[in-house]
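Peer 1: Here it is, the structure in full.
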Amino acid sequence: MRVGIFSNNVRRSLEVKAALTRRFLERHFIIDDENPEVVVTIGGDGTLLSAFHKYIDMLDKIRFVGVHTGHLGFYTDWRDDEIDDLVISLQSDNGQSVSYPLLDVFVTYKDSNKRDVFTALNEATIRRISSTMVTDIFIGGEFFERFRGDGLCVSTPTGSTAYNKSLGGAVVHPTLDVLQLTEVSSINNRVFRTLSSPMIIAPKDWITIEPEGAADFILTVDSDSYHKLKIKEIKFKISKKKIHFAKYRHTHFWHRVQTAFIGDEDAD
C-alpha cells in the first residue's frame, strides 16, 4: 500500500510522524506523498483541511485517516498513542470508506471574463471589508431575498459544526447531501427584511448571490481567504466530488458532537 503522511509542524506531531514512518517501513508499506492510496494526517482538523486542499485533484483516488495530537477533532479518529493499532488496521485494509459531501464555489468578476472554481470541505463565506454587504440571493434560480448585513456563510454538513454553528446554524449529519445558508448579522427593521434563519438547501438547487457595491469583498474557502474582489456573482452547489475516509473505526458523528460541545457530565 502507498501511504502519504501529512503533519503539522508541532513538535509532538513531528515525533508521531517519525515513529509512524518507521513502523510503516518495518511492515513494508511504501511512503509516497505524491501518489498515495491513503493519506494519514497528524495534528488536528486544521491539518486535515490543509491535506484536503493539497490532494484536492486526487480525491477520487485516496482515502484519509486522521491522527490527532491534541484534542479530539471531527476528522481525526486515532490518538497519537494508537499508531501501532492504526498500522495493523491498514495492513488488513479492505478498501472500505465513508464519504462526505463537499461544496463547489463558482465566482465571476465584474472586471473580467475569468471564472474561479473552489471546493470547500467545511464552508465558504462572503463579506465586505468596510461596510454593510447588500446582495440579492437566488435559490434554485428564483429570487429569494435582498440581504443586508455583515455577510453570508454556506456550509457543508461536516462544516455545520464549525463557523456555521457559531452563527446559530443547525448541526447537520454528514451523510445528508445538503448545503446550509446562514446569515451573518443581518439587518432587520421596518424597512429591511430577511428570513434571518438558517436554511437547508436541497442538493439539486444552486445558491446564487449577486452582491451590490464596491470592490472590497472578502471570500473565504475553508481556511483560505481572497481579498478586495470585484465580484459579480457567486454560485454555490453540492460538488460532484466527495471526500473519502478510511473506515477502520470511523467515530459516530453524534459522539463527536457530544464530545466536542457537551462533554462528560460526570466530569463536572
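Just so it is clear, glycine is given a Cβ too, placed from its N, Cα and C backbone atoms.
Annotations for this protein, taken from Swiss-Prot, read as follows:
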| type | residues | note |
| --- | --- | --- |
| ACT_SITE | D45 | active site, proton acceptor |
| BINDING | D45, G46, N122, E123, R148, D150, T161, A162, Y163, N164, K165, S166 | NAD(+) binding site |
Peer 1: Considering the binding-site residues N122, T161, which residue's Cβ sits among the greatest number of other Cβ atoms within 10 Å?
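Peer 2: Buried the deepest by this measure is N122.
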Peer 1: Would you mind reading off the Cα separation of Y163 (NAD(+) binding site) from D45 (active site, proton acceptor), to the nearest angstrom?
Peer 2: 13
Peer 1: Distance between D45 (active site, proton acceptor) and N122 (NAD(+) binding site) at the Cα atoms, whole Å?
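Peer 2: Taking the Cα atoms only, D45 (active site, proton acceptor) lies 10 Å from N122 (NAD(+) binding site).
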Peer 1: Give the sequence-ordered list of residues that share a chain with K165 (NAD(+) binding site), lie 6 or more positions from it, and have CB atoms under 8 Å from its CB.
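Peer 2: V171 - these are the non-local Cβ neighbours of K165 (NAD(+) binding site), listed in sequence order.
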Peer 1: Can you see whether DSSP assigns T161 (NAD(+) binding site) to helix, strand or coil?
Peer 2: helix
